[in-house]
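Peer 1: Sharing a structure with you now.
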Amino acid sequence: MSVSRRVIHHGLYFAVLGPLIGVLFLVLYIFFAKEPLILLVIIQVLPLFLLMSITTGAIPAMLTGVMVACLPEKIGSQKRYRCLVGGIGGVVITEIYCAVIVHIKDMASSALFENILSGENLVVRIIPALLAGVVMSRIITHLPGLDISCPETDSLS
């Protein structure tokens, strides 16, 4: 598979599935770590919750997918290292993206955006980004569109 096709494949899958996986882990975290009654409130506003996760998480997830696609063969072919890089990259890219958004006042003008992007809710951003990066890095080679018969042996140079 060519590098450009792998970048598009990984970027799109990460952007579409990454925020949804992050929401799943965040809901589980809230259910087990906080009060289970808060989960009832989240279920009532789940469409808005999903929309907010996609608007704040799709671009960092896509950039994480591009980063995972551009890994050298020695790192990208080993699941353990690919998951490690995907998780760390997801957290770092998400935090950089949120810092940029906070400094752009027009995009962060609503109280809901400011609440999500504030430093007080760091766990709400880190846990979904870390786990979505790890899970997506693990399953990306099994998703449709990747030519399994042709191993990824092309170099990036």
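One-based numbering along the chain as shown.
Placement of Cβ uses the backbone N, Cα and C atoms for every residue, glycine included.
Take a look at what Swiss-Prot says about it:
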- 1-11: topological domain 'Cytoplasmic' (TOPO_DOM)
- 33-36: topological domain 'Periplasmic' (TOPO_DOM)
- 58-83: topological domain 'Cytoplasmic' (TOPO_DOM)
- 105-125: topological domain 'Periplasmic' (TOPO_DOM)
- 147-157: topological domain 'Cytoplasmic' (TOPO_DOM)
- 12-32: transmembrane segment (TRANSMEM)
- 37-57: transmembrane segment (TRANSMEM)
- 84-104: transmembrane segment (TRANSMEM)
- 126-146: transmembrane segment (TRANSMEM)
Peer 1: For the topological domain 'Periplasmic' (33-36), what's the mean pLDDT in this predicted model?
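Peer 2: A mean pLDDT of 70 is what the predicted model shows over the topological domain 'Periplasmic' (33-36).
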Peer 1: Who are the chain neighbours of the transmembrane segment (84-104) in space, where the CB to CB distance is under 8 Å and they lie at least 6 residues beyond its ends?
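Peer 2: For the transmembrane segment (84-104), the nonlocal Cβ contacts are 18, 56-57, 59-61, 63-64, 67-68, 71, 75, 113-114, 117-118, 125-126, 129-134, 136-138.
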Peer 1: Please work out the helix, strand and coil residue numbers for the topological domain 'Cytoplasmic' (58-83) from the DSSP assignment.
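Peer 2: Counting residues by DSSP class gives 21 helix, 0 strand, 5 coil.
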Peer 1: Hey, which bits of the same chain come close to the topological domain 'Cytoplasmic' (58-83), Cβ under 8 Å, at least six residues off its ends?
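Peer 2: Contacts of the topological domain 'Cytoplasmic' (58-83) (Cβ under 8 Å, skipping residues fewer than 6 from its ends): 3, 6-7, 9-16, 18-19, 22, 89-90, 93-94, 97, 129, 132-134, 136-138, 140, 151-153, 155-156.
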